[in-house]
Each structure stands twice: as structure tokens, then as C-alpha cells.
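Structure first, commentary second.
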Amino acid sequence: FACSDSLPLLTVRTQNIDTTIFFSVSDNTWEVKANCHHFHGQLRRKPFRCFRQRRNAENAVRSYRYTVLTFLPLNLYEQFQRFANIFFLLVVILQCVPAIATIPWYTTLLPLIIVLSVRGMKDLSADLARRRSDSQINSRPCDVLTPAGFTTLQWKDVCIGDVLRIHKDQIIPADLLLLCSSEPHSLCYVETADIDGETNLKYRQALSITHSELISDPMEVLSALGGGSTPVYRGFLAFWGYVILLSPSMPIALYITFEMIHVVHCLLIGWDLHMYWANNDTPAQARSKSLNEELGQVGHLLSDKTGTLTQNRLIFRQCCIAGDIYGLLPHQKLVHRKHPPLDLSWNPYSYGGLHFHDQRLVDRLVKQQCPQSQEFLTSLVLCHTVMSEWKNGTIRYQAASPDEEALVVAARELGWVFLSRTRDSLTINALGQTLNYELLALLDFTSDRRRMSVLVREPGGGLKLYCKGADVVILERLQKDSPHQESTARALEVDGLQEGEALVEELHGRMERELMLLGVTAIEDRLQDGVPEAISSLRQAGIKVWVLTGDKTETAVNVGYSCRLIDPDTNLLQGEEIQHNTCRCSVIVCRCGNDSTHLTSPQLSSSPIKCLLMFNKWGARFVALSNQCQSVLCCRVTPGQKAEVVRLIRKHTSSVTLAIGDGANDVNMIKTAHIGVGLCGVEGSQAVQNADFALSQFSFLCRLLLVHGHWSYYRICKFLHYFLFKTTAFALVHIWFGFFSGFSAQPLYETWFIPFYTIAYTSMPVQCLAIFEQDVSAEGCLRWAALYKTGQRRDLFSPATLAASLLYSVYTSLVLCLLPLGAFHSTALDYQTLAITVATSAVFTVTIEIIIQTRYWTKYNIAAICLSLALYFILTLIVHSKILHDKLPADFYFTGTSLNPVVWLTILLTTCTATLPSLTGLALNVVLTQSSKHRVHSMMLPTQVRRPGGFRRGGVLRHSSYAMSQGAGFGRLITSGTGLHATAPAQEGAEAAANGTKENNDKL
């Protein structure tokens, strides 16, 4: 049933013709009639040209912003919200006033129109892409109830009150009220990964009144649904004249060029094949076009763990049963001869994918030589909340957490197959024998209990309670002198997985006592490929890596060892030694050598984080302490606290922060940081949609920062310095010439040279500089990661470097103005000759300067310089032609060219004098210094990177863990019987699977 808002249902009144439903919020009431288009058609919003006046919204998705009539006014309104566009519009207005117009108005209006047009076309292109995306969503089919029955329409045609028929796995772009479903008690499961990133299924249930009505007789119900010339006035006019003359010092081309450079840098990121992930055909994406240079200045990296550093695909690796460890130990390597694939040809339910290599367990199970092993697998196949379904003759599982699915799948591969469940029974297949267990109680898992239990009645009539959970929680509930307890404890240290204390509910705690230990499982969430190497390189680059996870201390510390966040030879000190520097929260400081320190904060679950965020002094102390460390590890952190930690760093440091995550729980952290990076993982697309950059693997972040980030920062800095130099040197010439012209606002340059200087004579070389320039190759950036610290220190764009560029431009402008004036002082050369001499000297000077600045030459750089010089001479000849002068003498007042040797000697002398400081500085830099960049180029031998040895655990006891970051499961729903069959349904394909052939049995 389609509705416009999520409103509580008060009453449902069934009539002979239609159905009327009343919704109420506070004092407002909405009346909705089912399948009554005439009633709702009166309330639908009617469009009038580009304006819409509606009461009830349509179901069509509209994320685009413009229409044919609104594009021009809305886009111009948005663009003129930028100060630069308003400034140049005012300059054009001033140029239209004849009293103060020193240069023609069209010399500024034409570039402004070009800028507005380019940006308008860019906005139009993006809006058309949004419109195409909306069209794909709106045109998806759906079944709508009509007088002729269910008819296939498009989602955009759905209106309020329509009765829809939804199919399995169908995408639903609308707010619906569930009336009934094919499941018992009208239960359905929905996935909201595209909304909140959560991939676990959520249940929805129809109201009992609609369920009973539609179940009783569905077809029957559905069928029913002027001024003086004073000195003050002349000074006023001269002032505004100089405003117009100096407007090129902030050229409009700077903004369009800057934006174009950002777009090209983003394209280079997307075209980088080293950041392309072929497994899901996903390249790197730059969703923001204005943060490229900040990628080269990141000082703090804040990362999620699960799904970001790890693959979020849990694998059953080991188990310990009756004191015997099955599976490969961490120090063992997988050798095919020593550990061949398991022989599971006897199991018709084996579909492959089990990463478990120990034939001993399989032999004991098949031969029924170990009752403890059989009981262990029985607990795995019974103690869970997994839902099963048959699809294409195979059984599939839907689990609330990946670890539950991994355990049930492992039991299935080993011969204990979970077939189905009802509200009061569980059906399994153990070594070919189908067994039915009566489910008496299900004690669900919570983050406080850290365990779950099921109480079942065996086929033989006996009662048993199976419990699984964290090691510490289970061990304290075992029988006294429980067999295999000591050997299992030793196996826990070998497995390297851990868990902490638990708060026991009184009722469940009395049931879960005097347990008999069956075994231990070790489930591995593998690190993504290249994560240790990437973190090691990022640390060498001076980036402080913070990992924010919801896991407990021991799990997080072990992951820190695995991904090289913490060095193996690090000494762990208890936090009591540094409590006076923080806020009396438990922390661990890791010291490695004398000059590198690592900090992990393992118990930032609730009160420590609040403590740091509530008191500004303590937060400042903690951040100051962490600045002395290279890595920080925060444990038991909620999604909201992740964002607060980012704010804490931004508040007390000046470094650029980057947050990376893969799920909806990381969105707050991603949006709070300066730069947000989303991983295309298995937890939906919310992180990518809210991020500035999208990657497929965490290891790609190393290349994004160290290569593209460093290059973007280096290129943008050189571009800005050069642009400041060439525009300031060009514009300040008018100031110095004013001392000789009585400050009459007389331009020294010819009118047409002013726009051409920025658009044609100097634009292409600087664009090539900003796009292709690099100080070190990509391999060098990755090999010598310390070069990245240049951006962190802001060495290339600081107040000192800006002042140096400004002083150099002032010197150049003085040379360009005074030297030709001095050379022509006692000659008969006219104003035209002086203007051409200064203009030519300016073009030659900025061209030589960019030749000096360019370190990485390509064919595009050479072509741009040659083309710019050619355009200068060609356009100068055209503008000075006699034909244009005769037709438009007011606009083209210079005619003819000069071949006077004095002019060319003056140009040569002026150019050499203007570029002398730059040439001298380059020569002294090459002779007297050897920068790190030159050392990099001089080193040809690759550096051997030593991999650290095994983990050094120190004296800290480490136990195995159980995933504790998930919420409560479906236990209460299952035990209540809601949505489950009273009797076990027929197993579709079960007989075929049991009696089928063996072609697909051996999948390993």
C-alpha cells in the first residue's frame, strides 16, 4: 500500500467500493483511499510552467535541479554567488562608463561570458547525468492493482493509495505500508544497504487486521481496495580607472584554469590502472573536484578496521575439540603435499569454499570415532539464528552476522547440515541422517551478554543447552574440573583471538551454568592484500595513522601487529604511567627504540571518549600526547564517537585529516574529516556516496596520497606561484608608469594585448605545468615516502615563499617599465614603440620563467611554449594591421610594425635583466645544494624492505575472540514463532541433493 509519509495507522474502514485509511499526527489527519485515483487526482500537485503547486507528492524521483525554463536564471544565480564573478561584472559596468573607461568593456565581458558558459555547461552535464539516473529508477516495473487485476506499471506512476504486489529481491523506491505477505503471520525481510549500509535482514510485519482480512479471502478484499572638472572629480575618475587597469592582477582566467586543473587531476586519478580493482571492475573515483592538493598534505589518517583493513569475509580456520587442535597453526605454511584438500566426496551438501585443512577431523567424524567432535558440530549447527532457503537445488543461508554464517557453512561442509527452522523446531542432517530438534528456548546474543544459547529437546527426548560466545564468558561458566579446560586455554593463545568480560542477565545466567566444554573455533577475517605494506609506507611518509574500531583491546592490538600499525618489538606499557597526561582513561603506550613512539587507547568505549570530549583541557592533552606518537588505536568506539575523535583532532591540530571507511557507520567520520575516502566494500554504498574519493582497496590509498596527492600539491603550488608572478608583474607596470603619466590612468599596454596576455600568450604553458609537472616519478614517490613530508610542512606554499614570489614580481615589473623608459628617453621613438617593447619583454620574460620552473618536460610542454610565442607574433601582426585600423580606428589605434635594432636590443636587455635573479638562484641551487629530490634521482639501486618477524606478544595473555560489534539477533522473533512455519516445510531439492551425483562434490 503506497503512502506519502511514515505515519502511524489509527483505523482501517472497509467499504463496499474502496478502502479508506486515516493517518494522524498531532492534530492533523490525512484520509487515503485505496485504489481511488479520482480521489487522489484532485490532491495531486499540478505543474504550471516551471512552477509546481501540489499537496500530495508524486512517486517520481527527482534529484536534478534544472528544467528548460529554470536552467539559465538558476545557474546564473548560483554562479554570481561567487565573489570573483561579481567583481568582474562590476568591472564590466565600470568600463561602460566613458569617463573612467581606460580599456574597452568587451575585453572583460568576453572572458566572463566564456567562464560562465564553461561552468554552466559543466553544471548542465552533471544535471543531465542525474536526470538519466532518475529515469532509470523511475522506469523500473512494478505490479499495481487495477480493475483489470495486477498490471505492470512504472514506479513513477505509483500514487498514494495504490495496492502493489512486491516480489522477492525487488528494489522498492517508495514508502510502503505492508498489508500482507506470503509468509505466515505476514512477515517479510528487507535489506536497507542502500540507505544505511546495513546488509543484515530486518523484519517487517503487517498489522493483524489487514493480515486476517487478506488471508481470509484475498481476492474479495483486493477487488474492494553630468559633472564639473574639479581636481577631486578627476582624482575620483583616475581611481576607478586604475581599478580597471589593475583588474588583470586577479584575472578571471585564474578561476576557470584552476577548476580545469582540478578536473584533470581527478581524471588522472580515475585513469590510474594501478588503482583499478578488476575483481569488481571498479576504478578509483574522485567525487570532489576541489581537494586534490589537500591529498598531499594529510597529517592524520583515521581508518575503520572491519571491511576497511580487512576483507570482511570470515573464514573458518581452526578448531580445538577435546584438547586436540585441528587446522593449520599460524606458523605453518600451506604446502599441498603435506596438507592436501579435504576429501568431502561423501558429503552431498558440500559446495566447496572451506579453507580448513586437516583430514584427521574429517576421518574421525566419518568413522564416528570421536563423540566430542560430533557434539561440537551439533552445537554449531543448532546454536545460531541463521535462516535457510533452497535456491537452484542448493541450500543458502541468511545470517545476521558473517561469523554465524561462517560457522554454519563450516558445519555443513563437514557433514552437519542445517536444513530449516520453524518457530519451535530445528531440522538438521548429520552424516546423512535427518534429525528434528524441538526448540524450547533461545537466549539471544547481545553485546552485553557476549554469548548465545539454545535449549533443545533431542530426538531421543533428552534436554540439552548449547552455548557459544567469548572465551572468558564461557570459561567462567564451565563445570569445576572440566576436562580439556587447560588444553583449550593453551589453544586459545595459539589461535590468537580474544574477548573480554560480560554482564550476565540473571535469568539466563542461571541457565548457562555448569556447562561442559565442547571446543573452540578460530575464525579469520583476512587483511586485504597490501595493507601492511601500505600502512608501513604511510607511516614512513609522516602520516599519523589512527584506527578506530568497535572491537575490544586484545583483538585490536593483534590486528595492529598484523597490519604493521604496531612494530613487533614494541614494548607495551600500562596506561597508569601516563594518566596525568590524559583523563585517567586506560591507555597503552608502545615505545619502539628511542625516537619512535606508538600510542593505542584500548578502552575508549564510553566514559573515556566522553571524558576527552567533555573537558577541553583533557582533549588537548591527549591530542598533544598523540602528536608525539606515530599510531593511535581506539577500541570500543561507536560511530558517533568516531566523528567526535575526528573533531577532537581538527580542534587541537592544524593538520589535514583523512577518514576512510566502508560502511554506513563510518559516514559521520568521513563527513567530519577534511577528506573522506569510501571503500566499495560489502556493507553498501553509503560510505562511497558521502565520500570525496572512492577506492576498492585500502592499499590503493598509499598511491592516492603518496603519488597523486604529492603530485597535485607540487603542481598546484608551482602553478599558483607562477600565476602570481606573471599577473602581478604584468599589472604593476601601470603603477610605475603612472609616475611618468601624472597618474592619469593611461595604460602602458595596447588595449588588445591585455586580454590576449592572459588568454593566449601565457595560459597554455602554465596549464601544462600544472598538469604534467612532477619532481619524482611514481615509483620514486612510493619508494621514498619521506618526500611526502614536503606537503605536510607546507614547504612549497608558505608565507615566506609567497612573499618571495611577490617581491620577484615587483622587481620584474620595475625592470619591464623603467628599463625601456630609460632606453627610449632621449630617442624619437613614440608611445606605440614603448608599448610594444614592454609587452614583448613581458611575454619573453614569463616564457623564460616557465622554462626555468619546468622540471619534467613532455611534448605538450614544448608545443604549448612554441604555440604561445607563435600566437603572440601572429596576433600582434593582425591587431596592428592597416585594414583593421582603417575600419575601427578607435579600437585598433596601433598600426604597422617596427624593425628598429634599438627596440630588439632593449627587449633583449630587459628580458635578461628581469630573469637574472631566477637564473642566478637556479645556478646557485645546483652548485651549492643537493636537495632530497636530487638524491632520489641519483639512487638507482632498489631498497630492500625487511619484513618484520613473528609477533612479539610480550607477557600479555591473549585469548580468542568472538565478534562483538553486532547488535541483538533474531532470537526473540524466532522463539515467538512470528513468521515461521508450525511444521517443517518440504525441503526443496533436499532429496535431489542427498541422492544426486558426485560431479560437484569436490570443490576444493
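Just so it is clear, glycine is given a Cβ too, placed from its N, Cα and C backbone atoms.
All TrEMBL annotations are machine predictions without curation.
Summarising the annotation, TrEMBL assigns domain 'P-type ATPase N-terminal' to 55-109.
Annotated domain 'P-type ATPase C-terminal' per TrEMBL: 688-925, in sequence order.
What TrEMBL records for 86-106 (among others) is transmembrane segment.
Per TrEMBL, the feature transmembrane segment maps to 239-258 (among others).
The transmembrane segment annotation in TrEMBL covers 719-740 (among others).
Long-range Cβ contacts of the transmembrane segment (752-772) within its own chain (Cβ-Cβ under 8 Å, at least 6 residues beyond either end) map to 103, 107-108, 110-111, 248, 251, 253, 257, 260-261, 264-265, 715-716, 718-719, 722-723, 726-727, 730, 835, 839, 842-843, 846-847, 850, 853-854, 856, 858, 860-861, 864-865, 867-868, 871-872, 875-876, 879, 891-892. Sequence annotations record features per position, and here TrEMBL assigns transmembrane segment to 752-772 (among others).
Taken from TrEMBL, the feature transmembrane segment applies to 802-825 (among others). Under 8 Å from some Cβ of the transmembrane segment (802-825) lie the Cβ atoms of residues 721, 724-726, 728-733, 735-737, 740, 748, 833-834, 837-838, 841-842, 845, 902, 906, 909-910, 913-914, 917-918, all in the same chain and six or more residues away from its ends.
Using a Cβ-Cβ cut-off under 8 Å and counting only residues 6 or more beyond its ends in the same chain, the transmembrane segment (831-852) has close neighbours at 722, 725-726, 729-730, 733, 748-750, 753, 757, 761-762, 765-766, 769, 812, 816-817, 820-821, 824, 865, 868-869, 872, 876, 894, 898, 900, 903, 906-907, 910-911, 914-915, 918-919, 922. Here TrEMBL flags 831-852 (among others) as transmembrane segment.
When Cβ-Cβ distances below 8 Å are used as the criterion, the transmembrane segment (864-883) is approached by residues 750, 752-753, 756, 760-765, 767-768, 836, 840, 843, 847, 850-851, 892, 894-897 of the same chain, each at least six residues removed from its ends. Per TrEMBL, the feature transmembrane segment maps to 864-883 (among others).
Non-local neighbours of the transmembrane segment (903-928) in the same chain are 729, 808, 811-812, 815-816, 819-820, 823-824, 829, 833, 836-838, 840-841, 844-845, 848-849, 852; each lies 6+ residues outside the stretch with a CB under 8 Å from one of its CB atoms. Residues or ranges marked as transmembrane segment by TrEMBL: 903-928 (among others).
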